[in-house]
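Summarising the annotation, TrEMBL assigns domain 'Cytochrome oxidase subunit II transmembrane region profile' to A:20-115. The domain 'Cytochrome oxidase subunit II copper A binding' feature in TrEMBL is assigned to A:116-253. Positions annotated as domain 'Cytochrome c' by TrEMBL: A:273-353. Taken from TrEMBL, the feature signal peptide covers A:1-23. Annotation source TrEMBL lists transmembrane segment at A:39-66, A:87-106.
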């Protein structure tokens, strides 16, 4: 009996040290929603059930090994079956599993119930960025990695939020139920923000759902959690959770910007204006493959600087940007970019890095082509 | 008949008495076990579905 107590004490010491490991950041976060807290508590409850079972099972096993060892003259019992014992050791795990399934199912039901949402956000995975669309609000934008390439190459010191920073974060209100509709333009990605306990695959051709109601304002970061190609690690997620009135102000501002942008389609743009806008679009969308100086990275990503086909054939150039090239890594930007951005980036790539076509492509002609 | 049902239930649970097993194999014809097994299998699925509807609905 004393030996058993020693083993139990050993088990409890192990359990105690695992508690320390949990406190040191190895565990999943408690998160900032009621549901993430519930998932955390469920996880811990099941963890401790496993610990207790482990301590008992291994305690009995090691106690028996030591107490009834051969050198002490123990004789093995020799019998064929004991139905009572078999029933007990089948029934106990059954009851434990049912006991764990009840709270787990209750939580799952809450996770799968996006009804009553006050805001719908469409999240589209693309190689390699996220696109957010506030459904019915006329606000949509791309969210690209903002970590400078120099840090990735190792030429500069890594920043605090290395590979976890974006140019345009998703902005969400606290205390409102937000429903996410997930899909993908190319391959399977997964939108994962640990603090929300949301990790949802985004599957091309399908819409998957999830939802969140954030309790605390703050900046929450996440990553793509489904291997999706070379820049899988370079499509982080940043969510700014803000007070409700702050969110309403932000949304109104974005709607105004979207309306202005829509007006911009019809007017005549100056060459320099298009170049300036195009440089920004190129940097956030194109440069990860075609490289900042347009030198490309052949054979997968052809050079744009000095590209003869591009310079000779404007219509082909427009078609490639708008519709992509099937069978290659070049995606369609028909929905990712608006007509102004498309016109600007086409103009820019035709006139940057020694490309001197002199062409200025107007947003209006792109808009017409998109009809 | 009761013996067959008991044996099918024992198979669901995964524990059977050796004495009962030997008796079952003396019957010679497995049809009764096959039919009872299928019927009770369908019943089990039906009961689980009802429980799921009752809990989730």
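Glycine is treated like the rest: Cβ placed from N, Cα and C.
Taken together, the residues in the domain 'Cytochrome oxidase subunit II copper A binding' (A:116-253) have a mean pLDDT of 92 on the 0 to 100 scale. For the domain 'Cytochrome oxidase subunit II transmembrane region profile' (A:20-115), residue counts in helix, strand and coil come to 73 helix, 1 strand, 22 coil, using DSSP. Helix, strand and coil counts under DSSP for the domain 'Cytochrome oxidase subunit II copper A binding' (A:116-253) come to 21 helix, 62 strand, 55 coil.
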